[in-house]
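One structure below.
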Amino acid sequence: MDLPLSYCTTMQSASMEDISVASSDSESRRQEPNWPRSWRAYACWLGCFFLMFNSWGLVNAYGTFASYYVGHSLRGNDQLELNLIGSTESFLVLLFSAPIGRLLDAGHFRIIIVTGAFLVSFGMFMLSIAHPQSEDAPANYAHIWVTQGFVVGLGMACYFVSSSQVAATWFPNRKGLAIGFVACGASVAGVVYPTMTRYLIDAMGFVNAVRCVAGLVTITSIFSLVFSTPNPAHNHPKPQSYRKLKTWIDTEAFRNKAFCWFMAAVAFLFLGFYPVFFNLEEWASVSGYGTRDGATAQIKNVSSTNKPLQTFWLLTIMNGASTVGRVTMAAFSDKTGSLNMHICAQLISSILILVLWSLAGSTTAAIAFCIFFGMTSGAVIGLPPASVANILGCTYNTLDTKHIGHSKLGQWTGMMYSAAAIPSLVGPVVTGHLVTQYSTYITVQCWAGASLFISALCMIFARWHLPCVDGELVSVKLARKLGRYSPAAQEKGKSREDGFEYDTDNELNRDMSGAATGVQSTFVSRPGSSKKVDQVHPVAPRVVLRGSDANV
């Protein structure tokens, strides 16, 4: 006769069937090669690259459009209104990240990508119709805002989260590098679109140049539509009802202190990041370090025999350097931890803005700032999805819960970006107003540098609430090094708000019978013991995570 080990029923959320499925999923992930062997994975990878190419890539290239507007069709509008077009794009991209991420988790990727392909292409073609043919003719600001800011922005929103989430399903053991390559689409587009637009404007006019850009957008969007499909083995949990709030917002995320701090960090990041890109060309032109339309009268440090630097090249250089930063730092993030790498890049970026950009006194110094800031900014803007995966990997770190973290990646990433929607709208608008009010770009430099520095501090606080690779919290490690470690402090330090504890003595938790256990349980101990397991936090077994889930 079989005797039960407990007189209590198991938890509803951890049935034996769920545990078996989760264990088999984790085992299959460990057995997968580091690089997939199917051509579909790499075709999807390139398709997701183009999704990012046509989302944040167009936002990164907006500085060239704004530079044209201020000198021609919208020269009567102030900098605030010009920045509003680009900030509307970024606002819509981030605002709809949460619902789109949840729909992607549920498997509705095809509808999302089709919608994005139509809206981005349609919006760019409509911009060419809304803009007057003559260079000197004034344009209707509302028409440009609706086509380029609103319609294109809605299409970008469908692309953004899709790019990183769909690609990540094919590369579970190289998630950081996979997302880093996808993020390079934004910086490559930041090189292609400004250069293409500027030369085509000189060759055939602004309207025809925009139509050529719209044609490239359409071709690359069709490729993404065909090949950007997630791994068929990836789990897509369907919600019971789309009308419930918990379907769109995971309240458990707000009980995770690390995620909350990181969400605040991303909000400050977008408050100060894109003012740099939107105002760089005009700063160079006004300061005399480049020319917008070939005029040389006000150019500094340029002899009469030298051709002055076109300001759009500064934006192109910055985006080109960003490509290098995104790839290299994303590759190292799989070893050092995505959040650790993110913190370093964020701190360096803020220092470069506050020091190198604000003190730049020549064209050479401006180019140097574009190169160095471009390299670090690539990691700053490209690593948030990998950092969220890092936080989820530490939150759901056991064999039976790891699959839960994978299934929530899209939703948590979308929630993080949606929280940054208002800051992304406010930041460029405020800096544009400051430039108009005080007629100096030092206001932009101080605003952007301070915002990125505060963002770095928030990331440090997020890191404080996560364990190291050996399972110890940072606070416990610090107490050890300062000589203030005690077992009582250790027991207090390893409690987590997500319901897990980390075994800092490098031993698996054992139940009353001495058998190893790693499953959350409310079992009452056997008769003869008055201690109930549900009166203490269960201790999860240490699992050394691989890939982007490891080394927070």
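Even glycines carry a Cβ here, placed using N, Cα and C.
According to TrEMBL, the transmembrane segment annotation covers 39-62 (among others).
Marked as transmembrane segment by TrEMBL: 82-104 (among others).
Beyond the ends of the transmembrane segment (111-130), by six or more residues, the same chain brings 51, 54-55, 58, 100, 103-104, 139-140, 143-144, 146-148, 150-152, 154-159, 162, 207-208, 210-211, 213-214, 217-218, 221-222, 224-225, 228 to within a C-beta distance below 8 angstroms of the stretch. Sequence annotations record features per position, and here TrEMBL assigns transmembrane segment to 111-130 (among others).
Residues or ranges marked as transmembrane segment by TrEMBL: 142-164 (among others).
Remote same-chain residues near the transmembrane segment (176-196) are listed as 45, 48-61, 63-64, 163-164, 167-168, 170, 209, 212-213, 216, 277, 312, 315-316, 318-320, 322-323, 326-327, 329-331, 333-334, 338, 374, 378, 381-383, 385-386, 389, 547-548 (criterion: CB distance under 8 Å, separation of at least six residues from the stretch ends). Sequence annotations record features per position, and here TrEMBL assigns transmembrane segment to 176-196 (among others).
Positions annotated as transmembrane segment by TrEMBL: 208-228 (among others). Within the chain, the transmembrane segment (208-228) has long-range Cβ neighbours (under 8 A, six or more residues past its boundaries) at 40, 43-44, 46-48, 50-51, 53-54, 58, 109, 113-114, 116-117, 120-121, 124-125, 127-128, 131, 159, 162-163, 166, 192-193, 196-197, 200-201.
Look at TrEMBL and you will find 258-277 (among others) tagged as transmembrane segment.
Residues annotated as transmembrane segment in TrEMBL: 339-360 (among others).
For the transmembrane segment (366-393), the residues of the chain that approach it from at least six positions outside its boundaries are 56, 164-165, 168, 175-176, 179-180, 183-184, 186-187, 256, 258-259, 262, 266, 269, 273, 276, 280, 284, 287, 289-290, 309, 314-315, 317-327, 329-330, 333, 337-339, 341-342, 345-346, 348-349, 352-353, 356-357, 360, 402, 405-406, 408-409, 412-413, 416-417, 452, 459, 462, 466, 545, 548-550, 552, judged by C-beta separation under 8 angstroms. Marked as transmembrane segment by TrEMBL: 366-393 (among others).
If one looks beyond the transmembrane segment (414-435) by at least 6 residues along the same chain, the residues whose Cβ comes under 8 Å of a Cβ in the stretch are 78-84, 86-88, 90-102, 160-161, 249-250, 253, 259, 262-263, 266-275, 278-279, 282, 384, 388, 441, 443-444, 447-448, 451. As annotated by TrEMBL, transmembrane segment applies to 414-435 (among others).
What TrEMBL records for 441-462 (among others) is transmembrane segment.
The annotation region 'Disordered' is assigned in TrEMBL to 487-507.
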Is it the case that the transmembrane segment (441-462) and the transmembrane segment (39-62) have 3 or more CB pairs under 8 Å, with pairs at least 6 apart in sequence? no
Please give the sequence-distant neighbours of the transmembrane segment (142-164): residues at least 6 beyond its ends with Cβ less than 8 Å from one of its Cβ atoms. 48-49, 51-52, 54-56, 58-59, 65, 69, 73-74, 84-86, 88-97, 100-101, 104, 109, 112-113, 115-124, 126-127, 130-131, 179, 182-183, 185, 224, 228, 385, 410, 413-414, 417
